[in-house]
Every structure is written in C-alpha cells, then in structure tokens.
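Quick notes on the structure that follows.
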Amino acid sequence: MNELPWIEIISALAVLAGGGGVAGLLVARRRRRDQGQDGGTTPPGSTQAGTGTATAPRPAAPEEVGPAEVAPEEAGPAAPALDTPAPTAGRLVRLRDRLARSGSPLGARLLSVLSRDALTEDDWDEIEEELLLADVGAGPTTELLDALRTRVRVLGVREPAAVRDLLRSELVTLLDPAMDRTLRTEPTTAEDGTHLPAVTLVVGVNGTGKTTTVGKLARVLVADGRTVVLGAADTFRAAAADQLTTWGNRVGVPTVRSDREGADPASVAFEAVTRGRDEKVDVVLVDTAGRLQNKAGLMDELGKIVRVSSKVVAPSEVLLVLDATTGQNGLTQARVFAEVAGVTGIVLTKLDGTAKGGIVVQVQRELGVPVKLIGLGEGPDDLAPFDVEEFVDGILG
Ligand SMILES: Nc1nc2c(ncn2[C@@H]2O[C@H](COP(=O)(O)OP(=O)(O)OP(=O)(O)O)[C@@H](O)[C@H]2O)c(=O)[nH]1
C-alpha cells in the first residue's frame, strides 16, 4: 500500500487540528473582547439575569494598609488583561437606539399624534396623557402642551419634518440645556502644595444600580485618561465590595474596602480618599449603602461619610443614582437624598428598560439638579454622559 496518502491525511488532520485551535482561540478572544466592551451584556459581578447578585470571586489577596479593618484591593498578579473601555465621546449616540427600543419612545408617539391632519381636543388630550404616562410631570406637561398649541396655531405647522423640528425644540427647552452637566473630576492642589483628588460620592437606594454605576463611571474616567481609586463604603452588603473590586480590576483601578461586613463606611471612605491623595490619583469614587430605614439614620451615615472624607478633601460631586423605572416613588427617594446629601448631579439608570424617559424632566425640575449621566443597559460601557439634544433625538426615534 502506498504510504503517501496516509502521510497526507495525517498532515491534513494536523493542520486542521492546529487551524481549528487557532480559530477557536480567535473566537474565544473575540468573545472575551466583546463581553468586555460594547457588545457585553453581562457586567462583572452580576448574574446573567441581571439581579445584581455578585458572583465573582475576590480576585486578589488584599494588602494590609491603614487602619486594620480597611484593606485596599489590588489588580493583583493573577488579574486578567485589562479592558479598554469604550471612548466617552459619542456614547449616547451609540446607545441611542436603546431609548428607541424601550417600548414605543415618547417622542415617536407624540409625533404620530401631532402629525394628524387637523388636531382636535381629543388629540391634545392624547398628547397630555402620553406626557403624563411618560412621567414628564404635571407642570412640565402643561408647559409643553401650551407651547405646542401656540406654535402649531401660530405657525400653522403641518408637514412631518416641521412638526418634528417643533417638538424637538420644545423638548430641548424643557430639558434645560443651560444646566451645567460637567462632572467635577479635576484634582486640585492645596495651598501647601498637597495633591487633592476630586472625590465623588455615589448615593441612592439599594437596587437602583449604584455599585454598577460606580464601576461604569470608573471606566468612563479611565477612558478619559484619568487615574481612579474606588472606595467600597457600601459595607452593608459584603458582596457589593466584591462586585466593585471586580469592576475595578477589569480596568486596573484599585478598590479600598473592608473585609468586615458592617464596618464603618466613613472609615472606608476616609481610607480611599487618603490613598487617592497619597498616590496623587485624579478621582476617588466612593460607593455608599443607602438602605437605611429612616431619614435620621441616612442623614447620620451620609453626613459622617462627608465629614470624615472632608478631613482629607471634601467631595466635589455627590451623584444620586435613580432607577428610571420607579417613577414617582424614585422621586420621593430623590428628595430625601437631595436634602440629606447635597446632591450635585443625577445618574438615571435603566432608561433602556422603560418608555418613561420623561422622568428626566421631572427629576431636574423637582430637585433643581442636572441629570449628568444615564444608564442604558447592563453592559460595562452602557453609561453615557447626558446630552440634551442627543437624548431628545433618541426619544424622537
Ligand atoms: N437594564 C439596565 N440595568 C441596569 C442599569 N444599571 C444597573 N442595572 C442593573 O441593576 C441591578 C442592580 O445594580 P446594583 O449596582 O447592584 O445596585 P445597587 O444600587 O448598588 O444595589 P446595592 O448594592 O444592593 O445597594 C444590576 O442587575 C445591574 O446590572 C441600566 O442602566 N440598565
């Protein structure tokens, strides 16, 4: 029997096996990259079902520094290759279809009514109902209706493109584009030359997406070239610190945490801010608990965190995380936090899962504080700086 065909078959099998291996590696690598960036739908530390339960193991042994109960979490030698977070610029445009996908977007529904031939009182009632259902709030709804009625009557606008422009400009006005939405994340220098990191406290009721937002915000800052330290001051739920550490590790950001459940959150915040100062880091992001039963307890805890951190450097941002799907209930919580914690900006999460985008208007009006960031999904880079015009274009579909 001729040996040549066998040699060829064996070589061919070897090539196939080798090639398959390379292809498999490429697929696996691409899958990992996709999960880490745009296409990823599973954030670190959360379950597939998105329940927020931390499943990730603690990746590195903590190194003891500072008071015995607080230990910083390092990226560690076993940490996987770092992610490259998606650039911040253009994120809202990239995620815009998430707004349009959340049921029928408010803008599109309004447009369909406004484009009818002759607008009757019933049509105007329908518009009012749409606005109220979308959580725009009673006051802003009346304002928008009045403005639209006047302009439709005075200008006699009829063609769809003109109606769209009209609605767009009224929605933009309602969202107050003049509000300052910049995140204060610039470090400063004290008179004696000490480096002072910018400190951002993230507050809000549990389950709104606080820990996830801190993780995503760290990625936004890293994408913008900032150095970051995380402080896991949500010591109520031990898994929150694990979740945060995992987020940090993915972008090479250390987490200061306590291994003792129920440890003093103010002491963790203090250690995080101190580390940020000593290591000349740009921004310290502090996650807090917020599941306190009453206002007095909340006031005590947040007040203490602010007081104690301010011994090193006072927070330049207090971001309140609100779940857009909770409507009026969220607004009540927001008022309490705004009163207690001196909120400087709102992060509205889960706007991808609701047709109630109007909550942005109501929250800003009620609290007099701008929405600075919005969450549009569970992927690690699904947090975008809020931009009024891009948002309105999103809800107009
Ligand atoms: N669809 C969607 N889900 C989000 C968004 N932001 C956060 N989530 C999900 O909301 C759930 C709760 O998020 P967490 O960050 O654990 O909430 P938390 O406020 O820190 O909760 P505690 O740590 O228990 O106080 C997680 O499953 C997140 O993935 C968003 O913008 N869109």
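Glycine residues also receive a Cβ, built from the backbone N, Cα and C atoms like all the rest.
As written in TrEMBL, here are the features:
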TRANSMEM  6-28  transmembrane segment
REGION    32-87  region 'Disordered'
COMPBIAS  40-87  compositional bias 'Low complexity'
BINDING   204-211, 287-291, 349-352  GTP binding site
DOMAIN    370-383  domain 'SRP54-type proteins GTP-binding'
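Annotated features, which come from TrEMBL, shown on the structure.
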residue: Gly204; record: GTP binding site; CB count, 10 Å: 28
residue: Gly207; record: GTP binding site; CB count, 10 Å: 15
residue: Lys210; record: GTP binding site; CB count, 10 Å: 27
residue: Thr288; record: GTP binding site; CB count, 10 Å: 30
residue: Leu351; record: GTP binding site; CB count, 10 Å: 29
- What binding-site residues in Gly207, Lys210, Thr288 place CB under 6 Å from ligand 1? Gly207, Lys210
- DSSP three-state call for Leu351 (GTP binding site): helix, strand or coil? helix
- Helix, strand or coil: which one is Gly207 (GTP binding site) in, per DSSP? coil
- Item | Stretch-averaged pLDDT - the domain 'SRP54-type proteins GTP-binding' (370-383) | 94
